[in-house]
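What Swiss-Prot records for 2-22, 44-64, 85-105, 113-133, 163-183, 188-208, 223-243, 255-275 is transmembrane segment, and it gives sequence analysis as the kind of evidence.
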Amino acid sequence: MLIIELLKAIFFGIIEGITEWLPVSSTGHLILVQEFIRLNQDKAFIEMFNIVIQLGAIIAVMLIYFERLNPFQPGKTAREVQLTWQLWLKVVIACIPSILIAVPLDNWFEAHFYFMVPIAIALIVYGIAFIWIEKRNAQQEPAVTELVRMSYKTAFFIGCFQVLSIVPGTSRSGATILGAIILGTSRTVAADFTFFLAIPTMFGYSGLKAVKFFLDGHHLDFAQVLILLVASLTAFVVSLLAIRFLTDYVKKHDFTIFGKYRIVLGSLLLIYSFFKFVF
C-alpha cells in the first residue's frame, strides 16, 4: 500500500535529517535501518533514494545560512562581500579532492563496501578517532577560531578528509569535522565549514546518482516520485532542527559523546553480523 510506503519514507527522512549533520553517518544509518525496514521498491531505486533524499537536508542549510552565504545580500559592506566570496572559494577548493578521487571511485566502493561489516568497522574507527582528538584538544587551544582566518591550504586538506567518507559508515560531516579539528580549527569553525562544504558536495553527489539512475534505463513512477518528495521534505524539516542543535551543542560541548555512540553502534552491528552469518 502506498500509505505504508509513505510512512516508511517519513521515517527514512527523519533518519536522514538527524544523521546527515551529526557525525554518525547518514548513509550507514539508512543502510542499517533498511536491514529491518525496507521500501517495497527495486534495488536501483533504493540506492538512488538513499542519496537523493539528501537534497532536503541541503536546502535546510541553504535556508539557515542564506544571508551569510549570499554575496549579494543587501546591507553587506564591501569587506563582507569580499569575505563571502573568499568563503565560497575555500569551499570550491575543498571540493577538488572529491572531484578527483571520490567521484571516479564511487561505483567501486559502492559495490564492495555497502554492507554491514565495513559500516561497523568505520563507525568504530572514527569513533575512536573522535575520542582521541578531543583528549588531545583538551590540552591545547585551536589555532583557527574564526572561519575568515582559515587558509585556502587548510580548506583543501579538509576536502581531503571529506574523501574518506566514500566508505559508508564514515560520515561526511564526521570526516570533515574531524579533519578540520586535526588541522587546528575550533569545533564551531569545523561545524560551520562542514555545513557550507555540504552544499556543492551533496548537490553534486545527489545529481550524479539521479543522472546515473536514468542513464541506466530506469524511470520513476508516480508512487516513487511521491516517496522521494515526502522523504526529502521530512529530511528538510528535521535538518532545520538538527543543524540548530549541533551549532548550539558545539559551543559548549565536545564530540566525545558521538565517538562513544559510534563505538557502541559499530560493536552491536559486528555482533549482529556475526550471529546473522552463523545462524
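Think of each number as a place in line: the chain as shown, counted from 1.
Here the Cβ of each residue, glycine as well, is placed from N, Cα and C on the backbone.
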Quick one: find which recorded stretch in 44-64, 85-105, 113-133, 188-208 has the most Cβ pairs under 8 Å with the transmembrane segment (223-243).
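By Cβ pairs under 8 Å, 44-64 leads among 44-64, 85-105, 113-133, 188-208.
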Please give the sequence-distant neighbours of the transmembrane segment (163-183): residues at least 6 beyond its ends with Cβ less than 8 Å from one of its Cβ atoms.
19-28, 31, 97-98, 101-102, 105-106, 109, 113-114, 118-123, 126, 129-130, 133, 137, 142, 144, 154, 157, 189-191, 193-194, 197-198, 201-202, 255, 258, 262, 266
Using a Cβ-Cβ cut-off of under 8 Å, list the residues of the same chain that are 6+ residues beyond the ends of the transmembrane segment (188-208) and lie near it.
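Result: 20-21, 51-52, 54-55, 57-58, 61-62, 64-65, 69, 87, 90-92, 94-95, 98, 103, 106, 142, 144-147, 150, 155, 158-159, 162, 172-173, 176-177, 180-181, 243, 246-247, 250-251.
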If we skip the immediate neighbours and take only residues 6+ beyond the ends of the transmembrane segment (85-105), which ones have a Cβ under 8 Å from one of its Cβ atoms?
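Non-local partners: 69, 71, 147-148, 150, 152, 155-156, 158-160, 162-163, 165-166, 193, 196-197, 199-201, 204, 208.
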Quick test of the contact rule: Cβ under 8 Å, at least six residues beyond the ends. What residues does that give for the transmembrane segment (44-64)?
12-13, 16-17, 20-21, 26-27, 30-31, 34, 38, 110, 195-196, 198-199, 202-203, 205-206, 209-210, 212-213, 216, 218, 220, 224, 227-228, 231-237, 239-240, 243-244
